[in-house]
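Heads up, the thing below is written out as structure tokens.
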Amino acid sequence: MPMQGAQRKLLGSLNSTPTATSNLGLAANRTGAPCLELPIPNGLFLSLGLVSLVENVLVVAAIAKNRNLHSSMYCFICCLALSDLLVSGSNMLETAVILLLEAGVLATRASVVQQLHNTIDVLTCSSMLCSLCFLGAIAVDRYISIFYALRYHSIMTLPRAQRAVAAIWVASVLSSTLFITYYDHAAVLLCLMVFFLAMLVLMAVLYVHMLARARQHAQGIIRLHKRQPPAHKGFGLRGAATLTILLGIFFLCWGPFFLCLTLVVFCPQHLTCNCIFKNFKVFLTLIICNTIIDPLIYAFRSQELRRMLKEVLGRGRW
């Protein structure tokens with residue numbers, strides 16, 4: 001699975017950069033001018049993937065075992081963990097296959113390798129799309145729980161959540177198959193970028209609106225109990241900080257990846273863009289880091305889920 005150019009494959013060619021890495025250094029571009037390249041050691045990449053794998057397996061197992069967690073909110077959190085698990089697992093699998101092929105340990109026909117390569121690409125792409133969709137679904141679920149609190153349980157029923165989950169998975173797999181099949185069309189990469197921006201805007205609008213409602217609610221409590229204004233100010237700052245961290249992590253971890261795909265469309269031959277393409281594995285590593293952070297933000301803050309995790313780990317059985 002050698003690198004054939006940044007525009008050759010949606011995820012395949014960009015992800016199949018040479019796996020042998022060295023310390024931080026400068027790589028030459030096509031004219032010999034220096035490019036800053038940040039090599040990611042395979043050991044580090046696989047270790048991060050393993051941490052993500054274990055972490056998200058624990059989340060899925062804890063939610064599956066506890067009936068108290070069988071609600072629409074935890075359904076979306078469980079599916080986010082499952083999609084993050086597949087993101088890290090598929091990237092680990094591809095890296096392992098590349099290493100085995102380069103070492104000569106895995107010897108098979110080129111057609112089999114290509115078929116495996118395409119399958120992993122579809123799995124990686126679909127799990128990434130699912131991860132983004134479930135981040136958006138969690139934001140929508142929380143928005144409804146705040147603005148339609150009295151009707152929340154009638155709106156966000158478990159069957160409806162399950163139908164939404166099924167629709168997301170089916171749409172992601174079908175879209176990924178089309179994206180990988182027609183990887184050489186610029187519209188494919190542009191669609192992915194538009195999808196990322198849509199999710200970013202959706203999350204930003206919903207969470208900002210939720211923050212505004214929370215501040216309004218806090219202000220009402222202050223007036224009711226005649227507390228001092230600094231308490232309200234402190235709440236607003238904490239809420240703004242939480243929102244900044246949540247959206248900042250999302251943009252930092254996913255933004256470079258989709259920016260790289262956009263540059264493949266607009267400047268595939270430009271020297272600066274080619275320097276950016278050389279760091280594609282860094283962008284994938286950021287996504288793996290996001291799959292590690294997601295459970296900390298969305299799952300482990302739940303006291304009930306933490307208690308269930310302690311039971312799962314304490315008993316040593318699923």
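Cβ atoms are placed via backbone N, Cα and C, with glycine included.
The feature N-linked glycosylation site is assigned by Swiss-Prot to Asn29, with sequence analysis given as support.
As annotated by Swiss-Prot, topological domain 'Extracellular' applies to 1-37 (among others).
Residues 78, 141, 156-158, 160-161, 302, 304-305, 308, 311-312, 318 of the same chain sit 6 or more residues outside the topological domain 'Cytoplasmic' (64-72) yet have a Cβ under 8 Å from a Cβ within it. Swiss-Prot lists 64-72 (among others) with the feature topological domain 'Cytoplasmic'.
Under the heading topological domain 'Extracellular', Swiss-Prot lists 94-118 (among others). Helix, strand and coil counts under DSSP for the topological domain 'Extracellular' (94-118) come to 19 helix, 0 strand, 6 coil.
Across the topological domain 'Cytoplasmic' (141-163), DSSP classifies residues as 20 helix, 0 strand, 3 coil. Per Swiss-Prot, the feature topological domain 'Cytoplasmic' maps to 141-163 (among others); the stated evidence is sequence analysis.
Regional average pLDDT for the topological domain 'Extracellular' (184-191) in the model is 83. The topological domain 'Extracellular' feature in Swiss-Prot is assigned to 184-191 (among others); the stated evidence is sequence analysis.
The topological domain 'Cytoplasmic' annotation in Swiss-Prot covers 212-240 (among others).
Summarising the annotation, Swiss-Prot assigns topological domain 'Extracellular' to 267-279 (among others) and lists sequence analysis as the type of evidence.
Under the heading topological domain 'Cytoplasmic', Swiss-Prot lists 301-318 (among others).
Remote same-chain partners of the transmembrane segment (38-63), defined as residues 6 or more beyond its termini with a Cβ less than 8 Å from a stretch Cβ, comprise 19, 21-25, 69-70, 74, 77-78, 81-82, 84-85, 87-89, 91-92, 95-96, 99, 279, 281-282, 284-285, 288-289, 291-292, 294-295, 299-300, 305, 308-309, 312-313, 318. Annotation comment: Swiss-Prot describes 38-63 (among others) as transmembrane segment, evidence class sequence analysis.
Residues or ranges marked as transmembrane segment by Swiss-Prot: 73-93 (among others).
Marked as transmembrane segment by Swiss-Prot: 119-140 (among others). Outside the transmembrane segment (119-140), and at least 6 residues removed from its termini, the chain residues within Cβ reach (under 8 Å) are 9-12, 15, 73, 76-77, 79-80, 83-84, 86-87, 90-91, 93-94, 97, 164, 168-169, 171-173, 175-177, 179-180, 195-196, 199, 202-203, 206-207, 250, 254, 287, 291, 294, 298.
Among the features that Swiss-Prot reports, transmembrane segment is placed at 164-183 (among others).
Residues 129, 132-133, 135-136, 139-140, 142-143, 146-147, 179, 239-240, 243, 246-247, 250-251, 254-255, 258, 261-262 of the same chain, all 6+ positions outside the transmembrane segment (192-211), place their C-beta atoms under 8 angstroms from a C-beta of that stretch. Annotation source Swiss-Prot lists transmembrane segment at 192-211 (among others), citing sequence analysis.
Residues or ranges marked as transmembrane segment by Swiss-Prot: 241-266 (among others).
The transmembrane segment annotation in Swiss-Prot covers 280-300 (among others).
Residues 70-73, 75-76, 206, 209-210, 213-214 of the same chain lie 6 or more positions beyond the ends of the topological domain 'Cytoplasmic' (141-163) yet place their CB under 8 Å from a CB of it.
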